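Record features, source TrEMBL:
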- 1-11: compositional bias 'Basic and acidic residues' (COMPBIAS)
- 29-42: compositional bias 'Acidic residues' (COMPBIAS)
- 52-61: compositional bias 'Acidic residues' (COMPBIAS)
- 102-589: domain 'K+ potassium transporter integral membrane' (DOMAIN)
- 603-846: domain 'K+ potassium transporter C-terminal' (DOMAIN)
- 1-68: region 'Disordered' (REGION)
- 747-771: region 'Disordered' (REGION)
- 100-120: transmembrane segment (TRANSMEM)
- 140-163: transmembrane segment (TRANSMEM)
- 228-250: transmembrane segment (TRANSMEM)
- 270-286: transmembrane segment (TRANSMEM)
- 293-317: transmembrane segment (TRANSMEM)
- 343-362: transmembrane segment (TRANSMEM)
- 374-394: transmembrane segment (TRANSMEM)
- 414-441: transmembrane segment (TRANSMEM)
- 462-486: transmembrane segment (TRANSMEM)
- 498-519: transmembrane segment (TRANSMEM)
- 526-546: transmembrane segment (TRANSMEM)
- 552-572: transmembrane segment (TRANSMEM)
Amino acid sequence: MAEEGSSERSEINGGLPSMDSTESRWVFQDEDDSEFDVDEDYDNARHRAVLDSEDEEDDDNAEQRLIRTGPRVDSFDVEALEVPGAQRNEYEDFSMGKKIILAFQTLGVVFGDVGTSPLYTFSVMFSKAPIDGNEDILGALSLVLYTLILIPLIKYVLVVLLANDDGEGGTFALYSLICRHAKVSLLPNQLPSDARISSFRLKVPSPELERSLKIKERLEASLTLKKLLLTLVLAGTSMVIADGVVTPAMSVVSAVGGLKVGVDAINHEQVVMISVAFIIVLFSVQKYGTSKVGLAVGPALFIWFCSLAGIGIYNIVKYDSSVLRAFNPVYIYYFFKRNSTKAWYSLGGCLLCATGSEAMFADLCYFSVRSVQLTFVFLVLPCLSLGYLGQAAYLMANQTGADQVFFHSIPSAAFWPVFFIANVAALIASRAMTTATFSCVKQSMALGCFPRLKIVHTSRKFMGQIYIPVINWFLLVVCLISVYSISNMDEIGNAYGIAELGVMMMTTILVTIVMLLIWQINIVIVLSFITFFLGLELVFFSSVLWSVGDGSWIILVFAVIMFFIMSIWNYGSKLKYETEVKQKLSMDLMRQLGSNLGTMRAPGIGLLYNELVKGIPAIFGHFLTTLPAIHSMVIFVCIKYVPVPVVPQSERFLFRRVCPKSYHIFRCIARYGYKDVRKENHQTFEQLLIESLEKFIRREAQERSLESDGDCDSDSADETSCSRVLIAPNGSVYSLGVPLLADFRDTDRPTNEASTSEEVNPAPSADPPLTAEQSLERELSFIHKAKESGVVYLLGHGDIRARKDSWFIKKLIINYFYAFLRKNCRRGIANLSVPHSHLMQVGMTYMV
């Protein structure tokens with residue numbers, strides 16, 4: 001995990017105040033959240049001081065209240081009276097030597113893409129706008145320098161990196177950040193308890209709060225805006241994946257193309273063949289992970305940047321130091337005045353100097369924001385600027401050497417060492433974008449927008465470093481096809497620009513929403529940001545689209561295919577979840593069946609996996625009618641990803657009692673962040689789950705004893721006014737204001753409903769009532785006996801099919817495309833490595 005410590009997070013969030021998990025905080029409470037439900041989280045009750053004044057009559061009808069809560073407390077920490085602390089920063093205890101190693105890894109992973117842009121930027125620019133005088137060189141150089149300053153430096157390093165999601169970057173990290181502050185997710189599985197995870201870092205009230213609330217309400221109320229937001233996110237992610245295809249093609253082909261300068265006998269076909277070999281090697285070593293490969297290539301990239309700066313200084317001194325005049329932006333005006341349409345065509349080549357900016361943001365999960373910012377400002381940007389200045393100085397004296405200008409400008413004595421370093425840097429650049437692609441795909445999987453695939457964690461220390469085999473080989477195949485189909489560097493550069501600009505524009509829009517909704521900064525600053533940068537990117541985009549017919553359309557087609565895959569998976573998953581919610585079993589039916597559920601209760605624990613966070617899944621009824629017996633204890637397990645990077649282990653499980661106590665049926669929601677690692681085997685998972693269940697039952701007994709000791713009338717109309725208080729050792733006060741066990745007051749009585757079989761443990765009516773301690777020990781003993789009898793995983797494979805009267809397009813999407821993706825994706829239970837002897841599967845088809 002590569003997260004910033006709490007001391008730096010205020011800087012990450014743009015200097016805005018944020019609340020630590022151990023402090024009180026301001027949150028928004030829906031009116032209906034105050035009502036207790038059997039299936040609601042038990043930690044709703046909290047010490048609260050309502051902000052709303054009683055004198056403000058006009059606020060009585062508001063849908064939300066702004067309330068102040070005590071420290072966030074997990075549902076399993078009440079009985080221990082402990083508040084989990086903030087997450088430890090993985091880098092905070094590093095020695096100076098380890099920090100230097102981390103800096104080298106940052107170079108090797110984050111800056112490889114942007115660092116190799118001098119290999120091809122001027123070559124592509126002057127192929128579209130040929131040099132016709134020194135003013136053209138100065139104008140192109142000025143355009144490149146200010147593009148570097150505006151896009152990678154100002155937009156990404158100084159603004160976009162601050163919009164990270166607790167150290168996580170990328171398109172889906174922005175979407176997750178927005179989902180955490182507004183209910184804009186199309187999958188209706190959000191719970192009020194999710195907002196009490198300590199990773200949810202909400203802001204204190206600010207002068208811009210009213211505007212933020214209006215935007216939040218508008219986003220939550222409009223289904224069209226939700227769909228539009230998701231469409232933007234999917235489009236940006238598809239462009240990132242397309243970027244992972246075209247980056248190796250562009251970087252490697254341009255670097256290997258230097259052979260044509262050093263060896264006259266080398267032709268273009270041979271360059272392509274050597275490039276293909278390099279690309280195959282590149283994707284083959286991807287599985288060794290970021291730490292191992294990043295440490296190996298970090299020093300190589302440091303040498304590359306030093307070489308750029310050294311060659312640049314040499315050329316400036318030798319050829320023409322007047323290129324420093326290019327820092328005057330007036331030469332951009334002269335460049336467009338002299339070349340007009342050709343200058344506009346060259347914008348697509350100019351943008352190549354900023355490629356890799358999105359990779360900096362997407363790869364942020366591997367390193368800290370501060371390390372990326374400092375490395376770029378004090379090393380990467382100066383070296384890149386000197387490299388471009390040196391190439392321009394060479395062209396001032398050799399205007400015919402625009403093709404492969406980088407290799408032509410190298411001093412003859414240093415040609416082959418620099419050629420070797422350039423090829424190593426090109427391979428590094430390709431890895432940087434591939435690594436960013438892995439991060440985006442993993443985030444999209446966690447948020448239900450990409451089919452589940454196998455994820456390999458390549459580092460035991462940093463859990464964010466991953467490798468996805470299917471994506472890796474898929475990118476390799478498409479990349480090789482692109483190299484053979486688009487062999488011309490200009491066409492590859494145009495495809496590169498399309499992919500890069502697509503994700504840049506999506507990032508600009510999403511960061512603008514973050515500014516309005518979360519940062520709550522001045523509206524003038526927000527409008528200036530989106531107007532300037534989106535307008536600038538649209539100008540660049542118009543240039544690259546004009547040449548889309550040259551062969552770069554292949555990348556657009558690939559991006560569209562990825563967009564449809566993600567859209568179909570999200571659409572099908574949403575329909576499946578909504579159908580399961582509609583067809584869930586009613587509590588009336590469960591009462592009619594009785595505590596034996598209308599069948600035999602065999603000793604043991606049955607873990608029934610489903611996606612519902614509330615209610616009894618319909619697949620459970622299918623188990624009851626299919627199996628001759630059901631386990632004496634049933635736990636509905638829901639693996640749920642919440643829109644935070646990490647869920648602390650102490651806050652992983654939420655338990656609820658689904659039916660009366662005699663039924664022995666519970667719900668367990670296992671919550672994971674999109675950055676969390678699910679590497680535990682099934683024995684570890686079972687142990688954690690049972691321990692958490694025991695904590696839940698003990699806490700339940702504690703709260704029952706607190707209620708029974710009080711003098712509050714539970715039958716009164718205003719039950720929520722009754723409160724019990726717990727005082728923690730640190731002085732924090734926790735109110736149990738909601739009668740948590742109000743719906744279970746009669747659950748200790750024998751169930752009188754009819755059953756189709758004999759009860760397992762009939763309760764004789766003549767027995768004296770059990771004390772609270774006896775009841776607790778009896779239930780814990782029941783759990784231990786059930787655990788000793790064995791744990792069985794009940795898997796319900798719920799497939800969906802379109803109804804016969806559905807539209808043809810819907811039938812095509814659901815019955816064929818979505819069915820194909822679901823059949824070939826990785827099943828969720830595969831992460832636990834459960835042996836087949838412990839599995840029991842039942843299939844069920846929903847008509848949607």
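Including glycine, each Cβ sits where the backbone N, Cα and C put it.
TrEMBL entries are annotated by machine, without manual review.
Counting C-beta pairs under 8 angstroms (sequence separation of 6 or more), the transmembrane segment (270-286) reaches the transmembrane segment (414-441) with 3 or more such pairs. Here the transmembrane segment (462-486) lies next to the transmembrane segment (552-572) in space: the count of CB pairs under 8 Å, restricted to residues six or more apart, reaches at least 3. In terms of C-beta pairs under 8 Å, the stretch of 293-317, 374-394, 498-519, 552-572 lying closest in packing to the transmembrane segment (140-163) is 374-394.
Each of 228-250, 374-394, 414-441, 526-546, 552-572 was scored by its Cβ pairs under 8 Å to the transmembrane segment (293-317), and the highest score goes to 374-394.
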